[in-house]
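Pulled from TrEMBL:
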ACT_SITE  His239  active site, proton acceptor
BINDING   Arg45, Asp84, Val85, Lys147  NADP(+) binding site
BINDING   His177, Lys181, Glu215, Asp234, Lys339, Lys344  substrate binding site
DOMAIN    9-186  domain 'Glucose-6-phosphate dehydrogenase NAD-binding'
DOMAIN    189-481  domain 'Glucose-6-phosphate dehydrogenase C-terminal'
Amino acid sequence: MSSKVIVTIFGASGDLAQRKLYPSLFRLYKSGNLSEHFAVIGTARRPWSKEYFESVVVDSISDLADSPEQAQEFASHFYYQSHDVQDTEHYIELCKLQNKLNEEYQAENNKLFFLSMAPQFFGTIAKHLKSEHIVDGKGFERLIVEKPFGTDLATASKLNEDLLATFDEEQIFRIDHYLGKEMIQNIFAIRFANLLFENIWNRDYIDNVQITFAEKLGVEERGGYYDQSGALRDMVQNHTLQLLSLLAMDKPKSFTKENIRAEKVKVFERLVQPSEDDLKRLFIRGQYKSGKVNGKKYISYRSEPNVNAESTTETFVSGAFFIDTDRFRDVPFFFRTGKRLTAKGTHVNIVFKQMNSIFGEPLKPNILTIYIQPTEGFSLSVNGKEVGELFNLAPISFDYRTDATASGASPDPYEKLIFDVLNNDSTNFSHWDEVKASWELIDKIEQLWSQNQVPLHEYAVGSMGPEAAFDLLAQFGARWQWQPDK
Ligand code: BG6
């Protein structure tokens, strides 16, 4: 790994930079993964001084540093440039600063750019980086792009073309922070390091797969963005489909980014494109109404700041995807995600088929649960015998669970993902072919919804979404396994 690098952050005054990027860079620094040979150029419109920028960085890492001196030493690597992304002059200045810091820190011309601002500027930034010779082909040059990657296939394709004018696909790292989560990466181990599971990971043994991304919070201060986006674009196009691809992919030839990507892309390309009837039957949208939970009042989505009072934007979506591969043909992959639900939690339930029962009562399915957050771990439910003289079946659960995030045992996704970029490892990033295929499918659902022919179900705050999301599974003789509302 080369830890000699000049990192340039576009959007350095933003919330993400302060909450995630600076602390993640600091952890990498503390663990020795970033050497002394690095510097960070923060850019944003605000006219900050280096001293002020350093104080922002110090504040953002105050609870991670061993001493104020260590925090200050780290922050001394940060430089600030007030930057208007549309102004060519500013890139000329940026280039000078880049070259100066490259000399000073002996960074061997390695450059990492992080785009963490309004996506409409990504194309302009990429263009200027090349035309003003900041990207000059010397050293490594990598680009990290934050979501959202477009708002539909057309805008995503345009954005991609703009980036490709300056960077190759191999240099572009599209962040999906869920791919940096410990338990999502653990899916590779569960599946491909245990013959036990790999042998039954197919349509002969799996009845259905259930993916839940539940959030207790509402849209908070992001109403302006969210009202244009909605849950389908915000959580399904990226996180849900990425997770699904890891669950559904075939075994890669080896654990390399090329082989993993090839298998993931196959899943995206084999996603069944639903007919119009299936689009109506298989995808449910909802919006939270005002209500009370434990005596506390919550406003409706439409009353949230910066949200249109007549908004039809969905804050909940549920549906069923199918993948046309020999492994998983006709197996429903159910998903649901929403704001203001009962509890925060990302869980996957793999529901296995059962055999004929010899016990005079139907057998409960075996279920493998993957707890992604906030608890991390697995559980496997099997049928056992109840203690006692009589022979009764009783569920037994093999559990391995930790609250690793709370204990700080698991690294933050951004720390892992930046580490991967420094290692030139794109395994845990979204490839363009994946993004493209996911937008093709999401666009179909969005188009149907925009015609308002499909109901927008209201749901109560603190619930697990509208009834329709439960009826969806009932169509398949299934039910949601995770029921925090019960
Ligand atoms: C983001 C979405 O990608 O993921 C947010 O834009 C959502 O709306 C967030 O709240 C959830 O991430 P996490 O890591 O808190 O589960």
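The first residue you see is number 1, and the count goes up from there.
Quick reminder: no glycine exception, Cβ is built from N, Cα and C everywhere.
Structure with TrEMBL features highlighted.
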| residue | record | Cβ neighbours (10 Å) |
| --- | --- | --- |
| Arg45 | NADP(+) binding site | 12 |
| Asp84 | NADP(+) binding site | 12 |
| Val85 | NADP(+) binding site | 20 |
| Lys147 | NADP(+) binding site | 17 |
| His177 | substrate binding site | 19 |
| Lys181 | substrate binding site | 24 |
| Glu215 | substrate binding site | 19 |
| His239 | active site, proton acceptor | 23 |
| Lys339 | substrate binding site | 24 |
| Lys344 | substrate binding site | 13 |
What subset of the recorded positions Arg45, Val85, Lys147, His239 lies within 10 angstroms of Lys344 (substrate binding site), using C-alpha positions?
none
Over the residue list His177, Lys181, Glu215, Asp234, Lys339, Lys344, recorded for substrate, what is the maximum interresidue Cα distance in Å?
20
Around the Cβ of Asp234 (substrate binding site), the count of other Cβ atoms that are within 10 Å:
23
From binding-site residues Arg45, Asp84, Lys147, the one whose Cα lies nearest His177 (substrate binding site):
Lys147
Among Asp84, Val85, Asp234, which binding-site residues lie by ligand 1, judged by Cβ under 6 Å to any atom?
Asp234
May I ask which of the recorded positions Lys181, Asp234, His239 is closest to Val85 (NADP(+) binding site) if we compare their C-alpha atoms?
Asp234
To what whole number does the mean pLDDT across the domain 'Glucose-6-phosphate dehydrogenase NAD-binding' (9-186) round?
95
For Asp234 (substrate binding site), the one of Arg45, Asp84, Lys147 that lies nearest, given that the binding-site residues are compared by Cα:
Lys147
From the Cα of His239 (active site, proton acceptor) across to the Cα of Lys181 (substrate binding site), what is the distance in angstrom?
11
Of the residues named as NADP(+) binders, Arg45, Asp84, Val85, Lys147, how far apart in Å are the Cα atoms of the most distant pair?
21
In whole Å, how far is Arg45 (NADP(+) binding site) from the residue listed as 'active site, proton acceptor' when you measure between their Cα atoms?
30
What's the CA to CA span in angstrom from Arg45 (NADP(+) binding site) over to Lys339 (substrate binding site)?
32
